[in-house]
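Q: Pasting a structure below so you can have a look.
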Amino acid sequence: MYPTVLFWWAVTLAHCTLAGNVCPKPPEVPFAKVDVNKIIYERGEEITYTCDPGYSHHSGLKKYVCPWSGKWPINTMRCIPKKCSYPGPLRNGGIDFIDLNYQSLVHFSCEPGYILNGIDTIQCMADGQWNATLPECQPVTCPLPSLPEFGVISYHKLSPGNVSVFQDKISFECLPSFALFGNETATCMANGNWSDIPTCKYVQCPHPATIENGFVNFAVRRTFSPCHSPYVLDGPRESRCEKTGSWSIKPTCKAPCKIPVSKATVLYNGRKIKVQNDLKEGILHAETLFFFCKNKEQKCGYSVPTQCIDGQLTVPACFKEIGLLQSIWKTDPAELAPCAAGVNSK
Ligand SMILES: *[C@@H]1O[C@H](CO)[C@@H](O)[C@H](O)[C@H]1NC(C)=O
Ligand SMILES: *[C@@H]1O[C@H](CO)[C@@H](O)[C@H](O)[C@H]1NC(C)=O
Ligand SMILES: *[C@@H]1O[C@H](CO)[C@@H](O)[C@H](O)[C@H]1NC(C)=O
Ligand SMILES: *[C@@H]1O[C@H](CO)[C@@H](O)[C@H](O)[C@H]1NC(C)=O
């Protein structure tokens, strides 16, 4: 009988003791686990929190002991997600993400004209590393374009590996007598095609008309050679056979000018010379000559320019030719003291 009573007494006592002094399940900590998972914990029993994979300990205590009171102390433990490093930059492409935390996704894309070589999405793993390596944006390549008929390649930019890539250029020119229509330069486009390739068409110009007082030189590149002296060419020396089948220009030979006075001292090419001695042949088209006039009030001389335009030269109105007899007492205006600036035909 006694042993039975004693046993029940012992059990009851044990129960009372335990009821007041055990700890319940410990508080949950986000992204962390407790090493020993139980319903109740004995006084003095120690538990340790560990952050989940992909999270690291940020602050607070990890270890807690079930106290005599049976109430767990306030839990201060905090775990935060691990961060992966910025995976970029991606040349010729873009990177899209919200954050770089554990489990986050990063998306890659390429600019027009570039193709993604590699994976387009990577994920931050528990060890703080990305699950794959950064992809590359590789330029689109264009195959060799078809040559225009009667055309040749005049310039071709090749990229490493002897390929044409996005934005590379190729230029063409046509064989002699063929004119190029379209754009002489084509570009490798984002879709892997070349922009329009030009065409070469046969073009013939009529036999160039002869020019008055000159001749056409066909020997080299259909050149209009200088006019017969003393005619001078007005405009460029060369005329091109245009795509339209006509000549770019028809140059003309311009006539020289006779000086319409019999006697005068003039300024020509910076020198004072006598028309009757040195300019019997006149001057060439487009050349300029200065006549001297007299200012009677101030008794000084001034010069007035005049230009030869295709055989026409106008003598300034103020010029007075001095006759042979007058020259005995009249001074040539060219010999007078030059007038002060601003004094002229008054
Ligand atoms: C990396 O993660 C992304 C996104 O979850 C997935 O699509 C891809 O297949 C993974 N790559 C590798 C090499 O595991
Ligand atoms: C590229 O092409 C040229 C001529 O077509 C050739 O001489 C050269 O060896 C090539 N280079 C490479 C790297 O293939
Ligand atoms: C020719 O094409 C290039 C691109 O390939 C462009 O940049 C250029 O403006 C074009 N030229 C003309 C005259 O259209
Ligand atoms: C490239 O050019 C070819 C021939 O003109 C055409 O059939 C094809 O659709 C073009 N490709 C693209 C992507 O535009």
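Glycine is no exception: its Cβ is also placed from the backbone N, Cα and C atoms.
Unlike curated entries, TrEMBL annotations are predicted automatically.
OK, TrEMBL features for this one:
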SIGNAL    1-19  signal peptide
DOMAIN    21-81  domain 'Sushi'
DISULFID  CYS23-CYS66  disulfide bond
DOMAIN    82-139  domain 'Sushi'
DISULFID  CYS110-CYS137  disulfide bond
DOMAIN    140-202  domain 'Sushi'
DOMAIN    203-255  domain 'Sushi'
Q: Going by DSSP assignments with H, G and I as helix and E and B as strand, what are the residue counts for the domain 'Sushi' (82-139)?
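A: Within the domain 'Sushi' (82-139) the tally stands at 0 helix, 25 strand, 33 coil.
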Q: Filter the candidate list CYS23, CYS66, CYS110, CYS137 of disulfide-bonded residues, keeping only entries whose CB is under 6 Å from an atom of ligand 2.
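A: Listed by sequence, the hits amount to none.
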Q: What does the structure give for the C-alpha distance between CYS66 (disulfide bond) and CYS110 (disulfide bond)? Integer Å is fine.
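A: Cα of CYS66 (disulfide bond) to Cα of CYS110 (disulfide bond) measures 58 Å after rounding.
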Q: Under 6 Å from ligand 3 by Cβ, which disulfide-bonded residues from CYS23, CYS66, CYS110, CYS137?
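A: Among the disulfide-bonded residues listed, not one has its Cβ under 6 Å from ligand 3.
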Q: What's the number of neighbouring CB atoms sitting within 10 A of the CB on CYS137 (disulfide bond)?
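A: Counting Cβ neighbours of CYS137 (disulfide bond) within 10 Å gives 19.
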